[in-house]
Amino acid sequence: MARGSSDVEYSAAGGEGLGMRDFCLYVWLRRAAVLAAHIISLGLVILTSILSRPGTSLFSWHPVCMSLGFCLCMTEGILLFSAEGSPFCFKSRKWKVRLHWFLQALLLVCGATGFGFMVASKNIKEHPHFTSWHSLLGVATMAATMLQAICGVFLLFPKLISTRSFPRLRLYHATCGLVAYLLASVTVMSAMFTDWFQASVTGTVWYIFLLLPLFPALVVMNQITSAFLPKKKITS
């Protein structure tokens, strides 16, 4: 095996065929992307809270709860397993799994609470339910989130399933989690087409808001797919 660093190539989750210098640049770019995803996720919650002015009405709590759950808790619950840019990278996997479960449980609480506020608001105003693409996508997102949570329960308590089913269920959990996250991102983007949002945000700022959820989604998608791709080190 050659000892020169220039003779070594890496294939770590998309870094195939890269020399040492290019690979290091690739790793730093991934770290910057993960850091940006953290900032955007938190920023979406803060900006949504400012726009909705929680407490002014029942509905005002719906965007706050949903953004807190799906933009922040769901994102952080996945990114904490990232080797690049996670503030918990020095923690053990067992600790990360516990924090992941806490964040996902908080996600379900926020989602159910936000859903309840939306239903209560529409009942008071006597508006029909589930008549928009945003509401239908929201129901699909909640269903996918519940499904991946069920898969997670079996992974948390492996004695409930056979040993041979564990690796396959882990893949199902990750796949369902990715689907749920992408659905959540599309649902957040569809919220920006609602009358409520467009009454507050217009022009160039609206387009910026529309594109913001895409970046964390790309980072999460890359992390999940990379975790299940074979990693190898190619040497000359």
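Using N, Cα and C of the backbone, Cβ positions are placed for all residues, glycine too.
Bear in mind that TrEMBL entries carry predicted annotations, made automatically and left uncurated.
Note on the domain 'Cytochrome b561' (28-231): its mean pLDDT in the predicted model is 92. Per TrEMBL, the feature domain 'Cytochrome b561' maps to 28-231.
Feature annotation from TrEMBL assigns transmembrane segment to 28-52 (among others).
Feature annotation from TrEMBL assigns transmembrane segment to 58-81 (among others).
Here the transmembrane segment (101-121) has long-range neighbours at 57-59, 61-66, 68-70, 73-74, 76-77, 80, 129, 135, 138, 142, 145-146, 149, 152, 156, meaning same-chain residues at least 6 beyond its ends whose C-beta is under 8 angstroms from one of its own. Annotation comment: TrEMBL describes 101-121 (among others) as transmembrane segment.
Taken from TrEMBL, the feature transmembrane segment applies to 133-157 (among others). Under 8 Å from some Cβ of the transmembrane segment (133-157) lie the Cβ atoms of residues 66, 70, 74, 97, 101, 104, 107-108, 111, 115, 118, 166, 169-170, 172-173, 176-177, 179-180, 183-184, 186-187, 190-191, 193-194, all in the same chain and six or more residues away from its ends.
Per TrEMBL, the feature transmembrane segment maps to 169-193 (among others). Through the fold, the transmembrane segment (169-193) approaches residues 44, 63, 66-67, 70-71, 74-75, 78, 133-134, 137-138, 140-141, 144-145, 147-148, 151-152, 154-155, 161, 201, 206, 209-210, 213-214, 216-217, 220-221, 224-225, 227-228 of its own chain, all at least 6 residues removed from its boundaries and within a Cβ separation under 8 Å.
Residues annotated as transmembrane segment in TrEMBL: 205-229 (among others).
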